[in-house]
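Feature list (source: TrEMBL):
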- 38-57: transmembrane segment (TRANSMEM)
- 124-145: transmembrane segment (TRANSMEM)
- 157-175: transmembrane segment (TRANSMEM)
- 182-202: transmembrane segment (TRANSMEM)
- 217-239: transmembrane segment (TRANSMEM)
- 360-378: transmembrane segment (TRANSMEM)
- 384-403: transmembrane segment (TRANSMEM)
- 415-432: transmembrane segment (TRANSMEM)
- 454-473: transmembrane segment (TRANSMEM)
Amino acid sequence: MAEPKPEEISHPPMDQLQGLEYCIDSNPSWGEAIALGFQHYILALGTAVMIPSFLVPLMGGTDDDKVRVAQTLLFVEGINTLLQTLFGTRLPTVIGGSYAFMVPIISIIHDTTLLSIEDNHMRFLYTMRAVQGALIVASSIQIILGYSQMWAICTRFFSPLGMIPVIALVGFGLFDKGFPVVGRCVEIGIPMLVLFIAFSQYLKNFHTKQLPILERFALIISITVIWAYAHLLTASGAYKHRPELTQLNCRTDKANLISSAPWIKIPYPLQWGAPTFDAGHAFGMMAAVLVSLIESTGSYKAAARLASATPPPAHILSRGIGWQGIGILLDGLFGTLTGSTVSVENVGLLGSTRVGSRRVIQISAGFMIFFSILALFASIPFTIFAAVYCVLFGIVASVGLSFMQFTNMNSMRNLFIIGVAMFLGLSVPEYYREYTAKALHGPAHTRAVWFNDFLNTIFFSSPTVALIVAVLLDNTLDYKDSARDRGMPWWANFRTFKGDGRSEEFYSLPFNLNRFFPPS
C-alpha cells in the first residue's frame with residue numbers, strides 16, 4: 001500500500017471558512033433575508049426578556065415595569081445593531097444586552113440608600129436612575145479606547161495563539177446558560193435540543209424550490225413546534241400542582257408579560273427620569289464595560305470567520321469598540337438596565353444557517369426597533385432558548401479552536417499557554433460563582449464596594465480571565481523566538497486596513513465616508 005501524501009493527511013490553513021452560502025457582502029433574496037432576519041430577532045428575545053425578568057423584581061418593579069424595560073432593551077438593541085453594522089466593524093453582529101453587567105447592577109440594587117426606600121415603585125425608579133448614571137459614565141471607557149485607537153494598539157499584543165482561548169471561552173464560558181437551564185424543564189428542553197440538531201444538521205439537505213429550508217430555518221421551525229407543545233402542556237394542566245420553579249421554567253403563561261404589555265410602546269431617552277451619578281457605582285460599572293470590550297473582541301473575530309470575511313484589522317476593531325461605547329451610552333440614556341455587547345448566540349446562528357450576510361442582521365435590527373408584539377413572543381419559556389444555546393455557543397467556541405490551524409500545536413510552549421489559559425478561564429469564574437452562591441457576596445469583600453465590584457466583575461468573565469492569562473504568557477514566555485509558532489506571520493497581513501486587499505470590500509464605510517475617515 002502506497003504511503004499517504006502529506007496533503008492527504010493534513011489540511012492547509014485557510015483564513016476564510018468554506019461552505020458558507022452567503023458571506024458578509026452577499027445577500028439572499030429579499031424574502032429569504034426577511035425570514036432570516038426575523039429568526040435573528042426571535043433569538044435576541046431570549047436575553048432581552050431574561051435580564052429584565054431577573055433584575056426588575058429585585059428593584060421593586062412590577063410586571064408592567066418588566067415589560068417596559070424589555071421593550072426598551074430590544075428597541076435600543078436594534079439601534080445599536082444598525083449603528084454597528086453601518087459604521088462600526090460592519091460585521092453581521094447583533095448588539096444585545098450583556099450578562100457581564102450583572103455584578104455591578106446587583107451591587108447598585110443592594111445599595112443601602114436605595115434599599116431604605118419603602119415605596120417599591122419609587123425604589124425601582126431611583127435604582128434605575130442610578131444604573132443609568134453608572135452606564136453613562138462607564139461608557140466613556142469604550143468610547144475613549146475605541147476612537148483614540150488605543151484598543152488597536154493593545155490588539156497588537158494579541159496573536160492567533162492568544163486568541164484561541166479567548167474566542168473559545170466566549171462560547172464555552174456561557175455553559176451555565178445552556179444545559180443547566182435545559183435541565184430545569186427537560187420535557188421541553190431535550191425535545192428542543194434534539195429537534196434543532198435534527199433540522200439543522202441531519203435534515204439539512206432537504207430542499208424546497210432549491211432552498212435548504214430545514215437547515216436555514218431550523219431555529220424558527222423548532223421553536224414554533226416546541227412552543228406549541230409547551231403551550232399544550234400548560235393548557236392541559238400538566239404543571240398545575242408542580243413546584244413554582246418548575247412552572248416558571250415550563251409554563252408559557254408565567255412571565256406575566258402578555259397581560260401587562262402595551263401593544264405599542266415607543267421608548268424615549270430619560271423615560272425613567274434624570275439619571276443620578278455616584279462615583280462608586282460608576283467605577284464598578286467600568287469593570288463590566290472592560291469585560292464587554294474583551295468579550296466583544298472575541299465575538300467580532302468569530303463573526304468575521306462565520307461571515308467568510310478576513311480578520312478585522314486593528315483600526316476596524318477599535319472603531320467598532322468606539323461605536324459599542326456609544327451603544328452603552330444609549331443604554332444609559334434610554335434605561336435598558338444593562339449594557340451592550342455582541343450577542344454570542346446570534347454569532348453562532350450565522351454558522352448554523354451558513355448565512356453571514358450583513359443585510360440579514362440589519363433587517364433583524366429593523367424588527368427589534370419596529371416590532372410591537374414583543375409580549376406574544378415573550379411567552380416562549382427560556383428553557384427553549386437555552387436548548388438552542390447548547391448548539392450556538394458551541395459553534396462560536398469551535399471557531400476559536402479553529403485558530404489552532406495557524407499556530408504550531410506541536411510546541412510544548414503553545415500547549416502550555418492554551419491549556420493553562422482555558423483551564424483557568426473556566427475554573428476561576430466557577431470558583432467565583434460557587435463562592436458567591438454560598439457566601440451571598442463575591443470573594444472580593446472589603447469595605448470599598450467599588451473595589452469589590454471591579455474585581456468580582458473581572459473574574460466572573462471566562463474570556464477576560466483567559467485573555468489576561470494567555471496574553472501575559474504569550475508575550476513573556478520565549479516570545480522572541482516563537483513568532484512563527486504563535487502564528488504571527490499569518491496574522492501580520494491583517495494588522496492594518498491596507499495589509500490585505502479584501503479589507504476594503506468587507507470593512508469600508510458606506511456612503512463613501514472613507515473619504516472623511518480614512519482607515520489607517
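Each Cβ is built from the backbone N, Cα and C atoms, and glycine gets one as well.
Automatic, uncurated: that is what TrEMBL annotation is.
Touching of the transmembrane segment (415-432) and the transmembrane segment (157-175) is concluded from the presence of at least three CB pairs under 8 A, sequence neighbours closer than 6 excluded. Within the chain, the transmembrane segment (384-403) has long-range Cβ neighbours (under 8 A, six or more residues past its boundaries) at 17, 43, 45-46, 50, 160-161, 163-172, 174-175, 177-179, 181-182, 188-190, 192-193, 196-197, 200, 219, 222-223, 226-227, 230, 298-299, 302, 305-306, 344-345, 347-349, 351-352, 487. Taking pairs at least six residues apart, the transmembrane segment (38-57) and the transmembrane segment (217-239) share three or more Cβ pairs below 8 Å and count as touching.
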